[in-house]
Amino acid sequence: MNLWALSAKDLLRLFRAALLGAAAEIAALALMATAAWLLLRAAERPPLASLTVAIVTVRTLALLRGGLRYAERLAGHDVVLRWLGSLRTRVYQALIPGNRYSGGDLVTRLVSDVDALQDAVLRWLLPAGVATIVGTTAVVVTALASAQAAVALGAGLLVAGVLLPWLVVRVTGAAARDSAPNRAELAERAVELVTGHRELVAAGALDEHRAEATRVAGDLATGERATSAKTAPAAAGGVLVQLGATVAVALLAEASVPWTAALTLAALAAFEVVLPLIGAARRVPEIRASAARVRAVLTEPAPPEGTRVAATGHFRLDGAGVRHPGRGPALRGVDLDLPPGKRVGILGPSGAGKTTLLRLLLGSQSPTEGRVVLDGHPLGEYADLSQVISGAEADAHVFHTTVRENLLLAKPDATDEELEAACETAGFDLDLDRGTGPDGEALSGGQRQRLVLARAVLAAPKVLVLDEPVEGLDPAHGDAVLTRVLAQANGSVVLVTHRPEHLEGFDEVLTLEDGRALPASAADRRRGRS
Ligand SMILES: Nc1ncnc2c1ncn2[C@@H]1O[C@H](COP(=O)(O)OP(=O)(O)OP(=O)(O)O)[C@@H](O)[C@H]1O
């Protein structure tokens, strides 16, 4: 997919902005030249009338320069902001299916990378276009007076506008590659310092972590200084080239003194448009990396969207397993038949693969071996699995809004009576209008757990999935809540628990260990021990 995807209209707008920018710079250039001509011509004390045109021209050019610059900014930002808006929408739409990126990565791709592309247009594409038009105009006008002066000016502009920026891109590109590990480490440490601040303070490890982050930041700063030291000569070189080319124009121009002064100052002004490209070149490697990341999002094929609607809600796992990259298997060869109405309990020590099994059923994790099917078809073929299977997952999110809004997610048309009934079943007794805070932080751990349970009860799916739903509650209260929730469930239930007594009356109990389902005899022995 074309990253830029500029419509013909946008291209026209961009071209208009470049023309306006070039016109503004040419007006500035002509202003300098005319002013120089006027000063030197006036020194010759000609009749005032012969200077009138030049005086009016200076005033007009001064006004034009300001007006055109304003128009160029307006036109440039208009096209860039329009394009950014549509690019952000395309990136967002490409990110949604399959939940492919998360957390910091998502924010980086959606915000920083797209912003970097804005700089690509405003700080590179437009200025480079403007510099090309202005430079060419300056060379052509100089050529009218002297071919040699035009060659000297053209060569100087090429060195300052092409060769030196290219050198800067090479130096900063190599430096960016070298500093990439340090940047990643700094980002990681910064996130840890912010999200784990309380824990670090409690463990007395804050200073040590902060010192480590400061060390990495210091290494990065040293690298930056070294890069600056390497690129500074390019900036200085640009100014020297400007000086050299301007002196060459002054010496080589075969014209009267006022015209030579005009051409010399015009040459000087032409470099003012070109020289900023050397500084802007420092950001090119960063912009390239952002463009590559955005392109990756836009070109990565989205997983095909399913269209199937579940008929009965009969799940089956056939030899299903999951292996995360670089890790041992989280789940291996698990078989499970879950027809409508069946209740299955899942036991097993921490890390045995219980949550992984639930994720397979919920479709949030794809099997890396075996199959998971619903009514005989792979889960990916279904339009909306949450209509069939949902529940209280261990990491269920509580949204930063009210209790009511959090509950309505499960059943948007539920009445307050229904919401209250679900809350009663889950033992959740806070007001429906109570705010939940970011990430549910305004609730206690137990309240959050019961709110998630109430939401699961309200959804009343064909298959209710519960991942240690009452683990944090006091045992007597938790048992009562779970009994009420199970009594309400009409369809199948898959319950993960550490307490076998929760599974009384269940049709099947699957005991996992090291990602494998234990045979019944071994599972009984294990339960006897626990
Ligand atoms: N995203 C992941 N990347 C790598 N390994 C993972 C990932 N998720 C889980 N694992 C590993 O898979 C194994 C099973 O994890 P799982 O969360 O299913 O265990 P669990 O039985 O639910 O444990 P607990 O009772 O502590 O919640 C663990 O060894 C875990 O470290």
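Cβ atoms are placed via backbone N, Cα and C, with glycine included.
All annotation found in TrEMBL is predicted automatically rather than curated by experts.
Copied over from TrEMBL, here are the features:
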type	residues	note
DOMAIN	17-289	domain 'ABC transmembrane type-1'
TRANSMEM	17-40	transmembrane segment
TRANSMEM	124-144	transmembrane segment
TRANSMEM	150-169	transmembrane segment
TRANSMEM	234-253	transmembrane segment
TRANSMEM	259-278	transmembrane segment
DOMAIN	315-530	domain 'ABC transporter'
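Remote same-chain partners of the transmembrane segment (150-169), defined as residues 6 or more beyond its termini with a Cβ less than 8 Å from a stretch Cβ, comprise 128, 131-132, 135, 138-140, 142-143, 231, 234, 237-238, 241-242, 244-246, 248-249, 252, 267, 270-271, 274-275, 277-278, 280-282, 284-285. Sequence-remote contacts of a segment are chain residues at least 6 beyond its ends whose Cβ falls under 8 Å from one of its Cβ atoms, and for the transmembrane segment (124-144) they are 14, 17-19, 21-22, 25-26, 29, 76, 150, 153-154, 157, 161, 249, 253, 263, 266-267, 269-270, 273-274, 276-277, 280, 283-284, 287. Mean pLDDT for the domain 'ABC transporter' (315-530) in this predicted model: 90.
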